[in-house]
Structures are given as C-alpha cells and as structure tokens.
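Pulled from TrEMBL:
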- 21-107: domain 'Pyrroline-5-carboxylate reductase catalytic N-terminal' (DOMAIN)
- 249-394: domain 'Ferric oxidoreductase' (DOMAIN)
- 204-229: transmembrane segment (TRANSMEM)
- 249-271: transmembrane segment (TRANSMEM)
- 292-313: transmembrane segment (TRANSMEM)
- 347-365: transmembrane segment (TRANSMEM)
- 386-407: transmembrane segment (TRANSMEM)
- 419-442: transmembrane segment (TRANSMEM)
Amino acid sequence: MNKIPSNIMALASNTSNKRETVCIFGTGDFGRALGHKLIQCGYPVVFGSRSTQTSSLIPKDAEVLSHAEAAQKAAIIIIAIQRQHYNFLAPLAENLHGKVLVDISNNLKINQYPESNAEYLAQIVPGAKIVKAFNTVSAWALQSGTLDASRQVFVCGNDMEAKQMVMDIVRALGLTPLDQGSLLAAQEIENYPLKLFPMWKFPILLSLGLTTFFFFYCLIRDVIYPYIYENKDFSFFIAISIPNRICPILALILLALVYLPGVLAAIIQLYRGTKYRRFPDWLDKWMLCRKQLGLVALAFASLHVVYTLVIPIRSFVRWRIISYTVSQALNNKTEPLDTTNAWLSDSYLALGILGFFFFVLLGITSLPSVSNNVNWREFRFVQSKLGYLTLVLCTAHTLVYGGKWFLSPSSYRWYLPNAYMLSLIVPCIVLVVKFVLIFPCLDKPLMQIRQGWERNPQYSS
C-alpha cells in the first residue's frame with residue numbers, strides 16, 4: 001500500500017471541512033451582496049428577515065427564516081440593517097446571547113451620535129460579542145469582484161476570539177483584515193467612509209487660492225495694463241497664455257511647499273535640541289499632506305507641458321513669426337544668430353525637460369504599488385535627494401527663463417513684478433536654508449538629535 005504524504009493528507013482534510021454557517025440579518029443591497037459572496041466562498045448562509053418568503057433577489061442557495069430561527073442556526077450573525085432599526089433585536093437578546101454580532105452599519109454624518117453604532121448595539125444586546133467590520137466595503141465591490149480599491153476591512157471588538165472569527169471570514173472572501181483594537185475604535189471606523197479626501201483638502205484649497213490670486217495678477221499685468229496704456233486687446237491671453245503662466249508657477253510653489261515643512265522641522269529640532277517633543281499641530285498636518293501637495297504640483301506641471309506643446313499652432317504666435325519674417329524681407333536685412341540667446345533658450349528647455357522627468361519619477365514612486373516594493377532607504381533617496389534635485393532644476397528653469405528681466409524697469413508694470421518672480425520666493429528660501437543645514441556644524445548635531453541624542457534631557461517629557 002502506497003504511503004500518502006502528510007502534507008497532502010492535511011490539505012485534503014482542510015478542504016473537506018465544511019465552513020460554519022453565517023447568518024445575515026437584513027436583505028438589503030449589502031446583505032444580499034455579502035450573502036452571495038459568502039456562498040461563493042463555501043459558507044452556508046441563512047438570512048433572518050421579517051418576511052420568510054423567498055425572493056428572486058436572495059441568493060438561491062441561501063435559506064430565509066425568521067430572525068429567531070436564523071439566529072439559532074449560526075454562531076456569527078451579520079447585522080446588515082441601519083441603526084434606527086436595532087430595537088427589534090432587544091426581544092431576541094436571549095437568542096443572541098453568546099453569539100458574535102458583526103455590525104456593518106454607517107451613518108449619514110461624521111459623529112452623528114454620541115456613541116458608535118457598534119457600542120449602541122452592545123447596549124441593546126449586552127450578552128452578545130460585538131465586532132465592527134465590513135463598513136468600508138461597498139455592495140457594488142462585492143458584487144463586481146473589483147475589490148482593488150476597497151480590499152482593506154477594518155475590524156475592532158472587545159472579544160479577541162470573536163474578532164478572530166470575523167477576520168477569518170474576511171480573509172476567506174479575499175479581503176485584508178486590519179485589527180484596529182477594541183470597540184472604542186468603532187466610531188473612528190464608522191467616520192472613515194464619510195471623509196471626503198481628508199488629506200487632499202488643504203492642497204486643493206491652497207492650489208485654488210493661489211490659482212485665483214495669480215490669475216487676477218496676470219490678468220492685471222498682461223491684459224488690463226496693455227489695454228489702458230497701449231490700447232491693445234490681449235484678452236485672448238486668458239485662454240492659453242495666462243494658464244501657461246499660472247501652471248508652472250503653481251507647480252514650482254507647491255513643490256517647494258512639499259520640502260518647506262521638512263526644513264522647518266529641522267530648525268525646530270535644532271532649536272529644541274531633541275526629537276522627543278511634538279511639532280506644532282499646523283506643522284504635523286502640513287507634513288502629513290506633503291504627498292498630496294506633490295501630486296497636485298505634478299498635475300500643474302503636466303498641464304504646463306501640454307500648454308507649451310500647443311504654442312506653435314496658436315494664431316498669435318504664427319502671426320508674430322510671419323510679421324517678423326515679412327519685416328526682415330521688406331528691410332532686406334537678416335538678423336544674425338545670437339548664440340547667447342540660443343544657449344539660454346536651449347538651457348531653459350533642457351532644465352525644464354530634466355525637471356519634469358524627475359517630477360514624474362517622484363510621482364511614480366509615491367504610488368502604493370511602487371513604494372511598497374522599495375525599502376525605506378531607496379524611498380527616502382528618491383523622495384528626498386532626487387526631490388531636492390527636482391526643485392533645483394525647476395528653480396533654475398525659471399531663473400534662466402527670465403533672469404535678465406529682473407533689473408529691467410519695463411518688466412514692472414504698475415510696479416508689479418512679473419508673476420514668475422513671485423514664484424521664486426518660496427523655492428529659493430527652501431534651497432538656501434537647506435544649503436545652510438547641510439553644513440557640518442549643523443548637519444552633525446541634527447543627525448545626532450534624530451538618532452536620539454538630547455541637549456537637555458529633562459525637557460524630553
């Protein structure tokens with residue numbers, strides 16, 4: 001008789017085990033979608049409903065019983081109903097005693113109630129083991145199977161065994177459970193789906209504010225001023241020229257703002273002589289949204305590239321070229337090539353191309369699929385070293401573009417400098433301070449502080 005390997009026997013025994021029955025209270029969209037997914041993964045499912053009549057919407061392999069009968073058939077009961085309907089569970093407290101109740105509900109507003117829905121459920125059914133889970137997964141995702149955007153499932157509860165049972169179900173469905181601790185975390189988990197891009201709020205509002213400011217600034221200098229003093233109508237600049245000034249300005253300023261909080265944090269740590277004291281709240285929040293600031297900056301840089309590519313096909317540009325050519329022909333004079341301007345032009349373009357290349361590289365490495373495949377040192381090298389190189393290239397790109405106009409009186413219309421001059425203020429401050437911080441007399445103590453050294457240990461508390 002042939003001997004069967006032990007690992008094959010273990011595999012055979014595991015696959016032959018029947019999964020435990022799961023009960024679902026509620027036959028709404030999410031309850032049906034979750035029941036269908038559980039059945040696909042081999043779980044017997046029983047629905048507890050007010051009406052025991054089978055509907056075509058209910059998965060055909062599921063059983064529909066009254067709430068009391070369904071509760072008796074399973075140790076795990078998923079509560080797929082809204083909080084305002086929880087009162088019907090009170091008469092079932094005896095049937096639900098010792099059962100694992102999984103609360104999946106969400107609210108309409110953040111902190112809508114004093115306590116979380118899961119804690120409220122624990123008050124109604126005190127003898128049950130309450131676990132919060134599945135509230136961050138949509139019914140559509142369960143039905144379509146496209147779970148890439150919502151694969152993580154936050155789980156919390158006071159009973160470790162009950163929480164583990166729920167996390168086993170989460171894994172069986174192909175999702176990733178994340179243990180968030182006790183039931184006290186339920187309110188934060190319930191608030192999570194209601195937050196609309198929480199880390200994007202500051203970058204978007206800041207970019208909108210700067211866009212509005214620079215739009216009107218450029219409108220005054222490039223459209224209103226020529227109209228009043230030169231009687232020239234350049235209103236068509238609003239379509240291409242002004243946006244193509246605003247986009248690189250915003251890209252450069254926002255990129256500088258990505259690295260400015262790191263510079264400020266270094267100054268604060270040097271001043272305090274310790275890393276064991278919290279930064280101010282505004283700096284903490286600023287540092288947390290640096291990735292979003294960088295991605296918004298990349299979006300503006302990309303728009304600048306697109307706007308620049310269409311410049312040769314603009315009517316205004318073609319008219320200027322034709323007029324210049326005709327003027328040379330009428331005067332029977334050809335302007336010689338100015339090699340200085342040619343060098344400046346090519347340098348300006350080369351710096352812009354290199355700056356945009358590294359800008360895109362920074363954006364790619366910020367993607368979770370990429371950042372998860374590099375170690376911390378590699379990620380820090382790209383985001384820090386190459387990030388500052390990108391800032392240097394983009395700042396140099398802007399300086400080469402208009403450095404010769406800094407001292408030209410004609411560039412100050414109504415005593416207002418060109419907008420690109422304003423865009424250089426923040427990046428130049430960041431680069432100058434960063435350059436000072438790399439001096440050994442400052443870099444060495446800063447490194448020691450970040451490794452745990454303290455100037456005055458008594459202040460570490």
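Note: Cβ is positioned from N, Cα and C throughout, glycine not excepted.
Note that the structure is predicted; figures quoted are calculated from it, not measured.
The list of residues near the transmembrane segment (204-229) in space but at least 6 beyond its ends in sequence, with Cβ under 8 angstroms from a Cβ of it, reads 197, 235, 237-238, 241-242, 245-246, 249-250, 253-254, 257, 293, 296, 300, 413-414, 416, 418-419, 422. According to DSSP, the domain 'Pyrroline-5-carboxylate reductase catalytic N-terminal' (21-107) comprises 32 helix, 19 strand, 36 coil.
Taking DSSP states H, G and I as helix and E and B as strand, the domain 'Ferric oxidoreductase' (249-394) has 122 helix, 0 strand, 24 coil.
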